[in-house]
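Student: Annotation source TrEMBL lists signal peptide at 1-22. Annotation comment: TrEMBL describes 40-307 as domain 'CN hydrolase'. Taken from TrEMBL, the feature active site, proton acceptor covers Glu80. Summarising the annotation, TrEMBL assigns active site, proton donor to Lys179. Residues annotated as active site, nucleophile in TrEMBL: Cys212.
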Amino acid sequence: MLPFQTLLPTVVFAVTALQALASDTFIAAVYEHAVILPHPTGEPVSPDQALALMNQNMNVLEGAIKEAARQGAHIIVTPEDGIYGWRFTRESIYPYLEDIPDPVVNWIPCTDPSRFGPAPVQERLSCMARNNSIYVVANIGDKKPCNSSDPDCPRDGRYQYNTDVVFDPEGKLVARYHKYNLFMVETQFNYPKEPEAVTFETPFGKFGIFTCFDILFYEPAVVLVNKMQVDTVLFPTAWMNVLPFLTAVEFHSAWAMGMRVNLLAANTHKTILAMTGSGIYAPAGARTYSYNMETEDGHLLIAELDAHPRLSPASPPAVSWNSYALSVERFSQNDHEFTGIIFHDRFTFTELTKPEGNLTVCQKDLCCHLSYKMAGKRDDEAYVLGAFDGLHVVEGQYYLQICTLLKCQSTDLSTCGQPVETAQTKFEMFSLSGTFGTSYVFPEVLYSGVQLAPGEFEVLNDGRLISKAKPTKPVVTVTLFGRWYEKD
């Protein structure tokens, strides 16, 4: 039997280890990667050439993973297309793909690399996780053979999937997700036959994962949060910013707040395509984020999050999004309503012609109410209150209800809704609400210079998005972005 003096440190160590296994918080990291792209070609390169390019990108990602681990991060998310880019046809991407097995096989590629055939990318990612004792999330391509007995089998005899993988701190493959909602240019990939709701457990909460365009749809995004009850969503993305309210940082932060869940969003970085904007978001707002259209370098973000945000005292309460707007009479309507286009959708607008006031603008069943006071009405800037209630049909079909206070590109009202990043007008206060028919509403405020406003606004239980104090920066948009999934 061990003497008491020897036993005590052992007991203390065991208790400490058990406490660490069920932490109330964890350190998250995301890396925005300036992807090294292949030369565009319709012809496949050799497997060695494909691996050489992927290793260049993985060299950069490995540096970020090591630094994240050094700073205490438990998990790191890297971007969609972060290992080989996006300049591909169905044929030319094939050398970059690997056969990714179902995680139930209990596989550590770092220690058993040849178990499922050549898998150098999975092996290297697994070793990055194992050597740095960190969860690693990456986006790669999966290939699955099929034959004529499958009526959906492509003519080339294989399925190709845009795929996320997760390796745990031992290097084991613990999650594999095939992107279900492909963006219109992803012709190199196949749609999975069924949507996947991929989750996995960690000592710091339950995690789910999906990719980029998926965030706009019920499956898998809402299913993971509301039905599977995940605490944190992992989100590799290649997001092309669309101002005024579909910038990456703005919409992703709004989605996390509206869904009351953590979101780890890692974007690719390519300014010529307006690809930037990564962040670590909590239900109460952004913990850290980056938006950089000035330089071409990557960026590592690290922040602490609540492991179980719904149980956190900082988690905002549930919201009845139309309660206030349905309970009040319409505010005075401006004499002049007009229409304008935002991202191909025709909004109904009314101008803020006075330094302060109360306005209502309606479209179909949606009425948007705004109370506001400007610090000073400028003659060189115009603001409008806008409403949209309808089906967006450009790069996919999804039903939206949107209330937005936004700055026009110029004093010419025909520019209202066009992209704008900067403003000079400050507001003393604002309160925005709408008669939403959906409970899925995502709130956010965007300041001049594409800056978020964490802690400077709140959503009341009755659905009003209000400024908590005098806003500190000029406002570009104040938006309630509603998704009515049932009407798609």
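In case you wondered, yes, glycine gets a Cβ from its N, Cα and C as well.
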Student: Tell me the Cβ neighbour count for Glu80 (active site, proton acceptor), meaning other Cβ atoms within 10 Å of its Cβ, over all protein chains shown.
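Tutor: I get 25 for this one.
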Student: What are the sequence-distant neighbours of Cys212 (active site, nucleophile), meaning same chain, six or more residues apart, C-beta distance under 8 angstroms?
Tutor: Glu80, Lys179, Phe183, Phe235, Pro236, Thr237, Ala238, Trp239
Student: Mind giving me a neighbour count for the residue listed as 'active site, proton donor'? Other Cβ atoms within 10 Å of its Cβ, every protein chain shown.
Tutor: 26
